[in-house]
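These features come from TrEMBL:
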COMPBIAS  363-373  compositional bias 'Basic and acidic residues'
COMPBIAS  375-391  compositional bias 'Polar residues'
DOMAIN    67-162  domain 'Cytochrome oxidase subunit II transmembrane region profile'
DOMAIN    167-347  domain 'Cytochrome oxidase subunit II copper A binding'
REGION    363-391  region 'Disordered'
TRANSMEM  47-67  transmembrane segment
TRANSMEM  88-112  transmembrane segment
TRANSMEM  134-155  transmembrane segment
Amino acid sequence: MTTLLILIVVALLAVALWQLTKIFDLTQVGANVNDTQVANDNDNKVNGYLMFAFLVFIYLTTIYCVLNYGHFPLLSDSASEHGPLVDNLMIISLVLIFVVQTITQALLHYFAYKYRGKEGQKALYFADNNKLEVIWSSIPAVVLAGLILYGLYAWNNIMFVDKEQEQDSIVIELYAQQFNWEARYSGADNVLGKANVRYIEGVNNLGVDLSDPNAQDDFASKELHIPKGKRVIFRMRSQDVLHSAYMPHFRAQMNCVPGMVTSFSFIPTLTTAEMRDRPAMIEKVANINAIRAKKSQELVAKGQTALDPYAFDYLLLCNKICGASHYNMQMKIVVDTPEDFKAWLKDKQTIVSAVKTSLAEEKLKETEGKPVKNDTASTKVKTDSTLVAQK
Ligand SMILES: [Cu+2]
C-alpha cells in the first residue's frame, strides 16, 4: 500500500513538472509556440463539460457516503441528559454546511462552464457592487451569529450548575497522570478533602491532605462508577502535564490542568446494561466480534492465543496528546442503577485507612528487622500525616 502511494505521488509530481515546463515555454515572449499547445474553443468546451462531470462525481460520492456511512452512531446514542443538545448543534451545523456546499458547488461549476474561454471574447471588468456585497456578507453573518448564539445557549445550559442542583449531586474527582486515571469519591459528606501534589507519599498517590476532616471518608477507585439519573459533578486535577478527560458517550470533555481544578457535570441517562441492550449497540458489538473471531482464527492457526470477545463499556479517555502511552490512557465507566451504585459504595477502604494500614505494616516490618519491601524514599513515611486537623 505504501509503495503504491509513493508511486502515485512520484507520477503526479512528474506530471506537475511536465506541465510547469510547458507553462514556462508558453510564457516566453516570442517563443516559437506550437499552435496545438494553445487551447481553442473546442478545448475550452470540453473542459467546461468536464467541470460538470466533476460536479456529478462529487455529488454521487456524497450520496454514496451518506447512504453507506451516514448512520452516525455517535450522533444518536448519547447517554447524558444534555447529550441531545450537543448532538442537535452538531446536526444543525452539518445540515447547514451540506446545503450551502451543495448550492455553491453547483454555482461554481456552472459559472466555470458559462464563462469558459471563447475566441474573441474579452473579460468584463467589474469593479464592485455594493448591493451584492451586502447580501453575501450579511447572510453568512446572520447564519453564523445564530449558530454561535445557539452554541452559547447550549454551553450555558451544560456548564452552569446552580446551588440547588449542586446539593442534589455527587462529587467525584478525576485525577489524571501519565498514563492513567484514578477516581476519588467524596464519601458520605459529599465534600472532597483538600489535595495537593506535595502530599503524594507512599500509597497516598493522589496527594490527599490526610489531616483535612473532609478527606477522612474519601476513597479512591480505578473504575468509575456513577448512578443513572443523578447529577455527577466531576472535579478534575492533573499530576503532571495537560490531559483532557473525555467521556464521548456523555458528550463531556474538560481539560485537566496541573495546578488547578477544573469541573464538568452531567446526568447519566442510560446504565451500562441498557446501553448494551440497544439494537444499534448489539449490531455494532456483533460486527466487532465477527472481525475479532476472524482474526482469532488466524492467530490460532499461527499458534497464538485467540482474542477475547468484546463487550461494550463506557470509557473515560484522555483527549490531549500527553506522551508516549497517551493512546492507552483510559478508565472504564460503569453506569449503575441507583440501587447497584449504593451497593457498590459499601465497604470501600478510605484513603486514610489505606495509608494507616500501610504505615502499620511498615512499622511491623521494621520492628521485625526485615528489610522493607518497597524500600524507596516515597514509601518511607516518617511522621504520621493522618492526624486529623482540628476545625
Ligand atoms: Cu493524558
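FYI, residue positions are counted from 1 along the chain as it appears here.
Placed from the backbone N, Cα and C atoms, the Cβ positions cover glycine too.
Nobody curates TrEMBL annotations by hand; they come from automatic prediction.
Across the domain 'Cytochrome oxidase subunit II transmembrane region profile' (67-162), DSSP assigns 68 helix, 1 strand, 27 coil. For the domain 'Cytochrome oxidase subunit II copper A binding' (167-347), the model's average pLDDT works out to 90.
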